[in-house]
Amino acid sequence: MSGYSSDRDRGRDRGFGAPRFGGSRAGPLSGKKFGNPGEKLVKKKWNLDELPKFEKNFYQEHPDLARRTAQEVETYRRSKEITVRGHNCPKPVLNFYEANFPANVMDVIARQNFTEPTAIQAQGWPVALSGLDMVGVAQTGSGKTLSYLLPAIVHINHQPFLERGDGPICLVLAPTRELAQQVQQVAAEYCRACRLKSTCIYGGAPKGPQIRDLERGVENCIATPGRLIDFLECGKTNLRRTTYLVLDEADRMLDMGFEPQIRKIVDQIRPDRQTLMWSATWPKEVRQLAEDFLKDYIHINIGALELSANHNILQIVDVCHDVEKDEKLIRLMEEIMSEKENKTIVFVETKRRCDELTRKMRRDGWPAMGIHGDKSQQERDWVLNEFKHGKAPILIATDVASRGLDVEDVKFVINYDYPNSSEDYIHRIGRTARSTKTGTAYTFFTPNNIKQVSDLISVLREANQAINPKLLQLVEDRGSGRSRGRGGMKDDRRDRYSAGKRGGFNTFRDRENYDRGYSSLLKRDFGAKTQNGVYSAANYTNGSFGSNFVSAGIQASFRTGNPTGTYQNGYDSTQQYGSNVPNMHNGMNQQAYAYPATAAAPMIGYPMPTGYSQ
C-alpha cells in the first residue's frame with residue numbers, strides 16, 4: 001500500500017483503535033496478534049521525590065511592562081478581545097522585546113518581518129514562560145504555533161543536555177499529519193538558530209528515518225498520537241525527559257477519537273510537567289481533558305466566549321437542494337476563477353464524494369485536486385504542494401484538511417456539504433482570512449441540514465453577517481414540522497429522482513447515488529449512479545462512471561449543458577469534453593491545466609446582496 005508502512009498505521013492516525021485486519025471495532029480476535037493502540041504501555045507510577053528536579057519558570061518581567069498600570073493592561077485586553085481566567089496571570093507583552101527571548105530567536109523574528117505579537121502571543125508568552133499550565137482558545141490563523149514553540153525553546157535551553165537513550169524534552173501532539181508537518185516547518189527554523197534538534201513523526205511515512213532521528217536524540221518532537229504510540233510500544237523512544245507538553249488542537253483530537261491514545265501517552269510523562277492545551281473551541285469534552293491533565297491553569301480566550309467565526313470572513317449561505325449543488329458550484333467557480341486571487345478550498349462530507357467531484361471537475365477542465373484520509377502520504381504532500389504554489393488553485397477536501405491546513409493566500413472556502421457541527425463549520429471557513437487578511441466563505445445549506453440551522457444563524461449573527469431569509473424560513477418550518485416537503489421549501493427530490501415514482505432509497509446517502517436526478521434504465525438495489533444527467537442503458541458496477549463503468553464498446557452520451565462528448569470505457573478517452581483536457585486518469589496525470597473553453601456565464605445569486613432581494 002503506497003505511502004503507508006502498515007495498515008495499522010493508516011488506521012491509527014485517523015483515530016481508530018482497532019486494526020483494519022485481524023480484528024473488529026468490538027476488539028481484537030482471540031489470538032490478539034493485533035491489539036488496541038497503547039495496550040502494551042504500562043501506566044507509570046511516579047515518585048516525585050525520586051525524580052530529578054527541573055526548572056520551568058524563566059520569566060523576567062521587562063521594566064516597560066512593570067511600569068504599565070492595571071488600567072492600561074485592561075484597556076489592551078479589551079481592544080484585543082482577550083479574556084483571562086485564573087490566578088496570578090502575568091501582564092501581556094505589547095512588543096517582542098518585552099518577552100526577553102534569546103538573541104537567536106529575536107533574529108529569526110526580525111527576518112520574518114513581524115511587527116507586533118498577536119493577541120494570543122501577547123498574553124500566552126508570559127504565561128508559558130512562567131512555567132504555568134495554560135489553555136489557549138483562539139481562532140485559526142491567530143499565531144498560536146509560535147505561542148507555544150518559542151517558550152518551548154527557552155524551556156529546553158534551561159534543561160540539562162540530552163544523554164544517550166533520552167527522549168525529547170518538548171512533545172507537541174497534533175491531530176493530523178498536515179498539522180504536524182506545518183508545526184515542524186515553523187519549529188525547524190527557530191531550533192536550527194538555537195542549535196536544537198526537532199523532528200516530526202507521523203503515520204503514512206517510512207518509520208526508518210523517524211526512528212533514526214529519535215535515536216540520535218532530539219530536544220523537540222512533534223507527533224501524531226498513533227505513530228508515537230507505535231514507537232513507545234516498541235521502545236524506539238521514551239518520554240522520561242519530557243517536561244513540556246503541548247496538546248495542539250485538542251478539540252480536533254477528541255473529535256477524531258484520539259482520547260484513549262492521548263491518555264496513554266500522558267501516563268508516560270512525569271506529572272509535574274508543564275502542560276499547554278490549545279483549542280479553537282471549548283466544549284465540555286475539552287474542559288474535562290483540561291481538568292484531568294492541567295493543574296491550576298490559566299485560561300486565555302481570544303475573541304467571543306461563545307462559538308464564533310473570524311469577523312474578516314464574508315459568509316454567504318445559499319439554501320438549496322442537493323440536486324442543485326453541482327450547477328451552483330460550477331457557476332461559482334466560473335466567477336472565482338476570473339479573480340486574480342482565486343485559491344479555493346471546497347469541503348465535502350465523504351471521501352467518495354471528494355473523489356467523484358474531483359474527477360468530474362477535472363473532466364470539465366477545472367484545475368482541481370482532491371485530498372482525504374485514504375490518500376497516501378506521498379500523494380497528499382504532492383497535492384498540497386501543487387495547491388500552495390498555485391498550480392492547482394482548487395482543492396477539494398474532506399475534514400482531514402479542515403484544521404491545521406495553513407496556506408496564507410486561500411481567498412475562498414466553499415462548503416459543498418455542510419459539516420456535522422457548527423464547530424467544524426468555523427474551522428473550515430477559518431482556512432481563509434488568515435492573520436489579518438480577508439476572505440469569503442460560500443455554503444450550500446439544504447433542508448437535510450436543518451438540525452444545524454439554529455447554530456449556523458447564531459454564528460452568522462455573532463459575526464454581523466447578513467442572514468438569508470430562507471434560513472429563517474427553515475427555522476419556522478422546523479418548528480411547525482413542515483421542513484421535509486410539507487411546506488416551506490418543498491422537497492421535490494422524489495419527482496426529480498424517480499420521474500414521479502418512488503426511487504426506493506432508504507436514506508439520504510442512497511439518494512446521493514443519483515447525482516443529477518435523471519433515471520436510468522437499469523434497476524439496482526442501491527440505485528445506479530447516473531452522473532450529470534446521464535440516461536443510458538450501459539452496464540454499471542456500483543454505479544460509478546470512470547472506475548467501474550463497463551461499456552464493451554457501447555457509447556454513452558453526457559448531456560449536461562456542455563458540448564456533448566462521447567466517452568468509452570468510463571472517462572478515459574481522448575475525446576475533448578467542455579475544454580482541452582484529454583486523457584484524465586483518476587483525476588491525475590493530466591497534460592496541462594486548462595480553464596473552461598466557453599466564456600464564463602454571469603453569476604446568479606452570488607454574491608448575495610444585503611437583504612437578499614433576489
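Glycine is treated like the rest: Cβ placed from N, Cα and C.
According to Swiss-Prot, the feature motif 'DEAD box' maps to residues 248-251, out of the candidate ranges 248-251, 268-271, 588-591. With Ser142 (ATP binding site) as the anchor, the candidate modified residues are Lys40, Lys236, Tyr297, and the one with the nearest CA is Tyr297. For Lys144 (ATP binding site), the same-chain residues lying six or more positions away in sequence with a CB closer than 8 A to its CB are Ile120, Gly124, Gly136, Ala138, Asp248, Trp278.
Long-range Cβ contacts of Glu116 (ATP binding site) within its own chain (separation 6+, distance under 8 Å): Leu94, Asn95, Phe96, Ala122.
Using a 10 Å Cα-Cα cut-off from Thr140 (ATP binding site), none of the modified residues among Lys40, Lys236, Tyr297 qualify. A gap of 29 Å separates the Cα atoms of Phe114 (ATP binding site) and Tyr297 (phosphotyrosine). Of all the recorded positions listed (Phe114, Tyr297), Tyr297 sits in the most crowded Cβ setting, with the most other Cβ atoms within 10 Å. Cα of Lys40 (N6-acetyllysine) to Cα of Lys236 (N6-acetyllysine): a span of 14 Å.
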